[in-house]
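S.K.: Starting off with a structure, shown below.
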Amino acid sequence: MTNWRPTTCADSVSNIQSDLKLLLDFYLSTSAIYQFIAWNAEVGHSARRVGEDLSKDVAALPIHLRYLCLFPLSTSSATETSPSRSVQVTVHSALESRDNARVLSILVQGNFSRQLEVDEQCRLGFEKLFCATDDTLGWDSLGKPAAGVSDGNYYWLGDYELCTQLRSSGQFDGQYCRVELEIPDALVEERCPQTDPLAIVLGVCVPRSCTDEHLHRLAEGALAVWVLLQIFATALNSQSSFWMCLNIKANTNRALSTKRAPQNLHALHGLEFITFIWLVIAMVYNLMLPYIENVAFSYDALPSVAAHLTNNYSYLIDGLLALSALYTTYLLYGNVATIADVIGVIKVTLIRFWPAYVFCVLFMWILFPELSAGPLWIHTDTVERCSSSWWKNILFINNFFGVKNTCLDFGYVVSLEAIYFVPLVVLIYLARTKLLLAKVIAVVIMLLSTSYTFYVAYMGALPPAPLLTAEPLSMERMERMLDELLVSPLTRVSPTLVAFLFGVCMWNEDGLIYRNIFGKVFTVLLSLLATTAGLFVAFSLLPFATSSVGHPLFLAFYAAFHRPLWAGSLLTFLYLSHHGSFAWIHAILTWRIFSPLSKLTWIAIVFVEPIVLFFFSALHRPSYATNWSTIYAAVSASTMAYLAALAVDIFLTRPIRCLLDREQLHRYKSAASG
């Protein structure tokens with residue numbers, strides 16, 4: 001971090017300040033240095049208390065480092081290159097005397113850089129660090145305790161720009177890395193029920209030679225060739241089948257077209273858009289938590305009724321699943337007459353959606369980690385999940401393997417939609433000739449699903465839904481809830497079946513308007529019932545969020561029934577609107593602009609997560625969260641998600657669909673000739 005000079009290490013010891021103490025904890029990774037940090041680092045009362053406990057037994061030190069760079073730095077007494085036992089005893093003795101100058105002198109004179117289990121080039125980089133320490137200004141890129149620790153600001157990120165500038169100027173060939181110092185809360189506060197560790201994030205600048213860069217030129221090159229091919233096709237403007245499918249102008253016109261059939265559920269598109277916006281706002285409030293400096297902002301909002309709408313929000317996914325299933329049922333009921341029709345519908349839907357989703361998964365795995373860099377740009381967990389389970393995601397089977405096999409956090413939603421689509425089409429085919437049997441099957445499966453959900457939630461004492469609580473729940477319970485209640489296809493099928501029943505009913509009653517007195521009374525009663533169900537789902541977990549406790553029977557009941565209740569409430573409103581009620585609301589929801597947006601909603605949902613992560617993690621400092629800033633971020637994320645989905649639709653989905661679907665190509669040619 002400073003110019004390399006041929007000075008002796010012993011001459012530099014006297015000028016080393018507290019930043020080096022934190023750096024040595026990372027570099028040497030020995031229990032003695034852990035104790036050194038516990039005594040000297042200004043990390044508050046909690047760290048001092050941990051340090052006092054550690055002085056009793058260094059071997060039992062309950063602090064561990066998780067290196068978020070791609071290189072190991074460790075010492076091992078089983079190898080010849082490890083520090084000798086005498087050096088360790090000497091360091092330990094110096095630590096007990098709290099003679100910092102002596103400790104640093106021993107460490108440097110003992111040439112600890114030669115004990116690191118790394119290659120020669122990396123070792124030389126560390127020798128440069130250990131010996132070029134007389135200019136203390138060069139250590140300013142190291143992270144230091146920041147203000148707002150009591151509000152949850154555990155980011156000591158240092159100076160990312162300085163680290164990169166040193167590399168650019170040739171002073172030091174370094175790379176910026178983060179180190180997480182994890183202190184189990186049980187050791188900080190014995191009575192604290194939280195089991196996840198307190199993570200202090202420290203930024204350090206280390207030799208660049210200690211890691212390998214993974215470049216993805218092949219993927220970027222293939223993408224560039226594909227786009228250039230379409231640009232050429234647009235300029236050529238040929239009427240041949242192949243070049244017509246790649247025409248950007250034609251595909252853009254089709255993607256943005258507001259033409260629609262006169263007898264469809266147009267209000268459904270408006271409801272879908274509103275649900276999407278609500279979902280994005282809630283996602284921003286939750287996804288930003290690891291990237292803000294005032295974490296207490298989220299916890300202070302828990303008692304707020306309005307904020308609870310963004311805290312407990314997973315049922316919004318069930319609303320989207322129900323709207324999609326209703327639209328599918330309404331369009332296909334009566335039109336799927338043979339097995340060949342069933343196969344054809346599945347094939348066309350797969351061609352329409354699968355290429356875009358495959359692109360999203362591969363994008364998150366290959367390209368997303370390379371989009372930016374910085375002290376907060378750490379997405380190794382996503383990359384690792386994608387690299388090991390990408391094939392499960394593109395085959396829509398990742399939900400059967402648990403939440404840790406989901407490439408994108410909201411990829412499980414797409415898999416649920418795909419898993420339920422095939423049985424839904426089969427059920428629609430059966431309903432054409434045996435409607436009563438199809439309804440009975442739907443009701444029986446729905447009862448079995450809710451009963452199973454109630455049993456799992458009650459017997460496992462699981463939280464009914466993913467949400468932030470005043471007293472954090474154990475990670476084991478949360479992970480079980482995610483695996484067994486959130487992503488499991490067995491527990492999320494009810495909204496799709498509710499939508500099937502509504503879709504059949506609305507198709508058979510198409511054109512019916514409730515204008516007489518009995519119809520108006522029926523409308524009022526149904527509206528009250530739907531409103532009550534919706535309010536129960538939206539707000540009944542507020543006491544649980546503020547106290548983290550609730551009656552086991554109530555929590556299990558909520559886990560089992562809140563998803564079909566929300567789907568029923570949403571579809572009831574759509575049913576009444578379709579039959580003449582809420583005329584002014586219906587006029588807004590049937591705005592033509594919602595028609596092209598609804599075609600992009602599912603891909604936009606997939607894009608929202610990486611966009612929100614980019615907004616916050618591409619910054620070089622943690623954000624300070626407010627309600628207005630969060631709303632701005634949500635609006636921006638929604639806009640960017642739809643634009644990204646539109647780009648994928650124009651440049652990928654429509655060309656592939658045109659090339660593979662001959663009927664689609666015929667329609668394109670007819671439109672061009674007309």
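If you go along the chain as it appears here, the first residue is 1 and each next one adds 1.
Cβ atoms here come from the backbone N, Cα and C positions, even for glycine.
Please treat TrEMBL annotations as automatic predictions, because they have not gone through curation.
Got these off TrEMBL a minute ago, pasting:
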type: DOMAIN; residues: 119-235; note: domain 'Nose resistant-to-fluoxetine protein N-terminal'
type: TRANSMEM; residues: 223-246; note: transmembrane segment
type: TRANSMEM; residues: 267-292; note: transmembrane segment
type: TRANSMEM; residues: 312-333; note: transmembrane segment
type: TRANSMEM; residues: 345-368; note: transmembrane segment
type: TRANSMEM; residues: 410-430; note: transmembrane segment
type: TRANSMEM; residues: 437-458; note: transmembrane segment
type: TRANSMEM; residues: 485-505; note: transmembrane segment
type: TRANSMEM; residues: 517-545; note: transmembrane segment
type: TRANSMEM; residues: 565-588; note: transmembrane segment
type: TRANSMEM; residues: 600-619; note: transmembrane segment
type: TRANSMEM; residues: 631-652; note: transmembrane segment
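Thinking about packing and proximity, how do these listed features fit into the structure?
M.R.: Residues 314, 318-319, 321-330, 333, 399-400, 402-403, 406, 412, 415-416, 419-420, 424, 427-428, 431, 435, 438-439, 442-443, 445-446, 449-450, 452-453, 456-457, 462, 464-466, 559, 563-564, 566-568, 571, 574-575 of the same chain lie 6 or more positions beyond the ends of the transmembrane segment (485-505) yet place their CB under 8 Å from a CB of it.
Nonlocal intrachain contacts for the transmembrane segment (517-545), taken as residues 6+ away from its ends with a CB within less than 8 angstroms of a stretch CB, comprise 302-303, 305, 308-309, 311-312, 315, 463-465, 467-470, 555, 558, 562, 565-566, 568-570, 572-573, 575-576, 581.
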S.K.: Does the transmembrane segment (437-458) come close to the transmembrane segment (345-368), meaning at least 3 CB pairs under 8 Å for residues 6 or more apart?
M.R.: no
S.K.: Which of 267-292, 312-333, 565-588 has the most Cβ pairs closer than 8 Å to the transmembrane segment (631-652)?
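M.R.: Highest pair count goes to 267-292.
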S.K.: In terms of Cβ proximity under 8 Å, which residues at least six beyond the ends of the transmembrane segment (267-292) contact it?
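M.R.: Distant contacts of the transmembrane segment (267-292): 152, 298, 307, 309-311, 313, 316-317, 319-320, 323-324, 326-327, 376, 410, 468, 570, 573-574, 577-578, 586, 588-591, 594-595, 597-598, 601, 604-605, 608-609, 612-613, 616-617, 619, 622-625, 630-631, 633-634, 637-638, 641.
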S.K.: Do at least three C-beta pairs under 8 angstroms join the transmembrane segment (600-619) to the transmembrane segment (410-430), pairs 6 or more apart in sequence?
M.R.: yes
S.K.: Relative to the transmembrane segment (565-588), which of 312-333, 410-430, 437-458 accounts for the most Cβ pairs at distances under 8 Å?
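M.R.: Maximum Cβ contact count belongs to 312-333.
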S.K.: What parts of the chain pack near the transmembrane segment (410-430), using Cβ distances under 8 Å and only residues at least 6 beyond its ends?
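M.R.: For the transmembrane segment (410-430), the sequence-distant neighbours (Cβ-Cβ under 8 Å, at least 6 residues beyond its ends) are 283, 317, 320-321, 324-325, 328-329, 332-333, 336-337, 339, 341-342, 345-346, 349, 353, 357, 361, 393, 396-399, 403, 437-438, 441-442, 486-487, 489, 492-493, 496, 500, 602, 605-606, 608-609.
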